[in-house]
Amino acid sequence: MMFIPATLGTFVLASLLPATVGAGIPNAAADVAVRALPNAPDGYAPAEVDCPSTKPAVRSAAKLSQQEQDWLKKRRMKTTGAMADFFSRVKIEGFDAVAYLVGNADNVAKLPNVAIAVSGGGYRALMNGAGALKAFDSRTDNSTEPGQLGGLLQSATYLSGLSGGGWLLGSMYVNNDSTITELQKGGSNSLWKFNRSILEGPDDGSSGVVDTAEYYKEMIKEISRKKAAGFETSITDIWGRALSYQLINAPKGGPAYTWSSISQNSKFQSGDVPFPLLVADGRNPGEKLIGGNATIFEFNPYEFGTWDPTIFGFVPTQYIGSKFEAGTLPSDEKCVRGMDNAGFIMGTSSSLFNQFALHLDSQDLPKVVKDSLRDFLSSLDEANNDIAEYKPNPFFGYAKSTSPFAGVKSLPVVDGGEDKQNIPFHPLIQPARHVDVIFAIDSSADTELAWPNGDSIIATYQRSLNSTGIANGTSFPAIPDNNTFINLGLNHNPTFFGCDSSNTTNPTPLIVYIPNSPYVTHSNVSTFNLKYNTTQRDAIILNGYNVATMANATRDGNWPTCVGCAMLSRSLERTKTAVPDACKQCFKMYCWDGTLNSTKPDVYDPKLFLTEVDLQSAAKGLHASGKLSLVAAVVTLLSILLV
């Protein structure tokens, strides 16, 4: 029997809405301790609380928050030691990098300020990004051996993600800085059990298969409590709850776990981990398309807001459910906490269902399915249920002369990659953060066969040139066109952009662009594929590890040295230190030199660099396999939402 949306909706409602709601479903992984902080006052439902003595308010984005400034003092000290450890293993011929770091340790502003950005792209981005972070993490077995890059993560000040990359960050941080190894190990007892899609629900680890109806009942129960408390709900609520069951190690998907609670984690407070940043886009009232001048929002443990001139302001993350007006809380309003549910924040950064609705005609689906989905999604769009709704709008009445959101009671937010900036550069190129180098992990599906072709990094460069002034003082290195990316192999191998800082007027970070490429498996799986067996999951993570290390430096024995040179480059400029000859050779090898080749290339179909991993029952090159998975997701989740 084949269900069309209306039939499936009736079926779902009939089977998932009994008179009483049953007990919760545990989701515990044997090797990942439950260490995050479930500090929401009333589970998933936001609730009023007493305000602190100084009431929260919108602040200008003219500088970093005082909290971030104080945190940076701790983190930069930790990264100095981590970089010294890194360079004790990664050598630069003719240059003592450790002595250089020690000699400038009295002024951390002289030292490298490193950031890592993990792109969107669903589970593909999560797994490929996980492989890179696993390679960069000195806690990973053998990652500090010759040819490896372990310690780069510990050397980073900032770590940004959006969509699938945001899921990766959320799963790591909400589970108290768990390693990728911890998240994936344990087979059937691992936290990352992607062999059961979020449509089915998690495996409870004892009976083998959890009851799917019970799983949906629990999600409906929590979301209904939020709605009963007077807050808007949308598809992002059910999406975020479903993601939480798979990514957060807590019973019922951790409904009380918040994004702001990361700031209360002891590892974060002591500066032992990078500063996590999630990115999402604002959708202007009355619009459906997300353009290059869309307002870009960031979620960090302390604040939510934007550096863009439209709003240029931030509010405390833990209080985003409060009824701010013109930047302050009225005297008769209490504070509200709990709106920043960790799953809802991760879901916000990946709320791409409205994007799917806009591209139905390009999908290889039966006409009856397209028509039914279009009607279904259109009915939701009329009520703005296809996006994440932040109501009350924390920026209501704020920046009235410039903000498209100042006059609306609800702030509509969507997937951070919908403006084509699928790599979350935006929070890292803000002048106030003084980032020197960004290691950009690009898992985008730009080409016909779902490999990157530079679209994301090009979009950020184009935004920096936007005549509307939306870039607001940010600077970005020159980037070539898509065809040049493919013709010159810039999407096939790591490439440095912005090597010569004299080519830009304002300080600009060096970009180390690391595109998804096939090493041991075809990792070009669909953004909309929701299910992977453990073998394929581990193969894609291993592939990402090889992408980041260039096959443990077997493709280029100097790759670790060149990574080190990229880290040091801007710092050497600031201290007027001569660039080592070894680094000059690296820059000659990896820097884009401005050459263009814009002729139309053949279909980009890269071959494996190494011996292919045996995927057993997993399919190879699943770049087109996710369409019906997303159809099922949309139909099922929206049916539930319309209760």
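Glycine residues also receive a Cβ, built from the backbone N, Cα and C atoms like all the rest.
On the 0 to 100 pLDDT scale, the domain 'PLA2c' (50-597) averages 92 in this prediction. Annotation source Swiss-Prot lists domain 'PLA2c' at 50-597, citing sequence analysis.
The N-linked glycosylation site annotation in Swiss-Prot covers Asn142 (among others) and rests on sequence analysis. In this view, Asn142 (N-linked glycosylation site) is surrounded by 9 other Cβ atoms within 10 Å of its Cβ, with every protein chain counted.
Summarising the annotation, Swiss-Prot assigns N-linked glycosylation site to Asn176 (among others).
Feature annotation from Swiss-Prot assigns N-linked glycosylation site to Asn195 (among others). Cβ environment of Asn195 (N-linked glycosylation site): Asp203, Lys531, Tyr532, Asn533, Thr534, Arg537 lie under 8 Å away, each six or more residues apart in the same chain. Secondary structure at Asn195 (N-linked glycosylation site), taken from DSSP and collapsed to helix, strand or coil, is coil.
Under the heading N-linked glycosylation site, Swiss-Prot lists Asn293 (among others). The Cβ neighbour count for Asn293 (N-linked glycosylation site), using a 10 Å radius over every protein chain in view, is 17.
Reduced to three states, the DSSP call for Asn466 (N-linked glycosylation site) is coil. Per Swiss-Prot, N-linked glycosylation site is recorded for Asn466 (among others), and the stated evidence type is sequence analysis.
Annotation comment: Swiss-Prot describes Asn472 (among others) as N-linked glycosylation site. Within the same chain, residues at least six positions away from Asn472 (N-linked glycosylation site) with a Cβ under 8 Å of its Cβ are Trp307, Asp308, Pro309, Phe312. A coil conformation is recorded for Asn472 (N-linked glycosylation site) in the three-state DSSP classification, outside any helix or strand.
Among the features that Swiss-Prot reports, N-linked glycosylation site is placed at Asn482 (among others). Sequence-distant neighbours of Asn482 (N-linked glycosylation site): residues of the same chain at least 6 apart with a C-beta under 8 Å from its C-beta are Asp446, Asn453, Gly454, Asp455, Ile458.
Feature annotation from Swiss-Prot assigns N-linked glycosylation site to Asn503 (among others). In the three-state DSSP scheme, Asn503 (N-linked glycosylation site) is classed as helix.
Around Asn524 (N-linked glycosylation site), a 10 Å sphere centred on its CB holds 27 further CB atoms from the protein chains shown. When secondary structure is read from DSSP and collapsed to three states, Asn524 (N-linked glycosylation site) falls in the coil class. Residues or ranges marked as N-linked glycosylation site in Swiss-Prot: Asn524 (among others).
Mapped onto three states, the DSSP output places Asn533 (N-linked glycosylation site) in coil. All chains included, 17 other C-beta atoms sit within 10 angstroms of the C-beta of Asn533 (N-linked glycosylation site). According to Swiss-Prot, the feature N-linked glycosylation site maps to Asn533 (among others), an assignment based on sequence analysis.
Sequence-distant neighbours of Asn552 (N-linked glycosylation site) (same chain, 6+ residues apart, CB-CB distance under 8 A): Gly147, Gln148, Asn546. The N-linked glycosylation site annotation in Swiss-Prot covers Asn552 (among others) and is backed by sequence analysis.
If you look up Swiss-Prot, you'll see Asn597 (among others) marked as N-linked glycosylation site. Around the Cβ of Asn597 (N-linked glycosylation site), the number of neighbouring Cβ atoms within 10 Å comes to 13. In the three-state DSSP classification, Asn597 (N-linked glycosylation site) falls within coil.
As annotated by Swiss-Prot, signal peptide applies to 1-22, with the evidence given as sequence analysis.
Ranking the glycosylation sites Asn176, Asn466, Asn503 by C-beta neighbours within 10 Å puts Asn176 at the top.
Of all the glycosylation sites in the record (Asn142, Asn176, Asn293, Asn597), the one with the smallest CA separation from Asn524 (N-linked glycosylation site) is Asn597. Taking the Cα of Asn503 (N-linked glycosylation site) as the reference point, the closest of the glycosylation sites Asn142, Asn176, Asn293, Asn466, Asn597 is Asn466. Checking Cα-Cα distances from Asn466 (N-linked glycosylation site) against the glycosylation sites (Asn142, Asn293, Asn597) with a 10 Å cut-off leaves Asn293, in sequence order.
Of all the glycosylation sites listed here (Asn142, Asn176, Asn597), Asn597 has the Cα closest to the Cα of Asn293 (N-linked glycosylation site).
Asn176 (N-linked glycosylation site) sits 22 Å from Asn142 (N-linked glycosylation site), taking the Cα positions as reference.
In this structure, the C-alpha atom of Asn142 (N-linked glycosylation site) lies 40 angstrom from that of Asn597 (N-linked glycosylation site).
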